[in-house]
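**Q** Just passing along the structure, written as structure tokens.
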Amino acid sequence: FNSLNHDMTLTEFKFIWYMEYSHRMWGRVVGLAYILPAAYFWRKGWLSRPLKGCVLALCGLVCFQGLLGWYMVKSGLEEKPDSYDIPRVSQYRLAAHLGSALVLYSASLWTGLSLLLPRHKLPETHQLLRLRQFAHGTTAIIFLTALSGAFVAGLDAGLVYNSFPKMGEHWIPDDLLAFSPVLRNIFENPTTVQFDHRILGIASVTAVTALYLFSRKIPLPRRTRMAVTSLLAVACMQ
């Protein structure tokens, strides 16, 4: 209010307050919905030794996620007497919070599906091994793209250029490497952050499309083929 939103009314403040409050409460409900049943299953002796390790790791990730959220929000409330910039949370902490959430979600989904759906006993052919490596590489690109989106959000980098495929009048903007040292541009220059996000986004769609086309050449179970097709559909929609 002191730095930016001088005309904010109490009603408008309540709106953003309740959004933050709801997010925190929902996060705590998610944590309890995981930890309480896990403790119950553990006490009943329904968890195997390997599964106990997964449960402990995921419980740790749930707690770590909440801690990261507090650490992120804290950075937006710190007084910076020498700064006249718009108050915002650290883009580094925002990316860490989002990255941790993606890891937690993916690990939970992987663990759950491993228990619900039996693995297909497929012959380890050269093509199948290549498909699996391709899928892991595509996952890494998508993960990086999502993290770069956190930097876009944290720096309001989406407001810098709003044209596509060019950025303004240029394919490569003039202020791409305006900061010194050069490495700082990747994380703190809004132009570079948006440029990187665009490139990674295109790379993600390209990788998913290539994965889909490659999978068509291999005899795969119906469930696997549906998963790859769904991946392509969601990538196009995104």
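A Cβ is built for glycine as well, from the same backbone N, Cα and C atoms used for every other residue.
In TrEMBL, annotation is done automatically, which means it is predicted and not curated.
TrEMBL feature annotations, pasted as is:
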| type | residues | note |
| --- | --- | --- |
| TRANSMEM | 25-42 | transmembrane segment |
| TRANSMEM | 54-73 | transmembrane segment |
| TRANSMEM | 93-117 | transmembrane segment |
| TRANSMEM | 138-161 | transmembrane segment |
| TRANSMEM | 197-215 | transmembrane segment |
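Are these features on the surface or tucked inside, and what touches them?
**A** Sequence-distant contacts of the transmembrane segment (138-161) (same chain, at least 6 residues past either end, Cβ-Cβ under 8 Å): 86, 88-92, 94-95, 97-99, 102, 167-168, 173, 187-188, 190-191, 193-194, 196-197, 200-201, 203-204, 207-208, 211.
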**Q** Any residues 6+ beyond the ends of the transmembrane segment (197-215) with a Cβ under 8 Å from its own?
**A** 130-131, 134-135, 137-138, 141-142, 144-145, 148-149, 151-152, 157, 164-165, 167, 224-225, 228-229, 231-232, 235-236
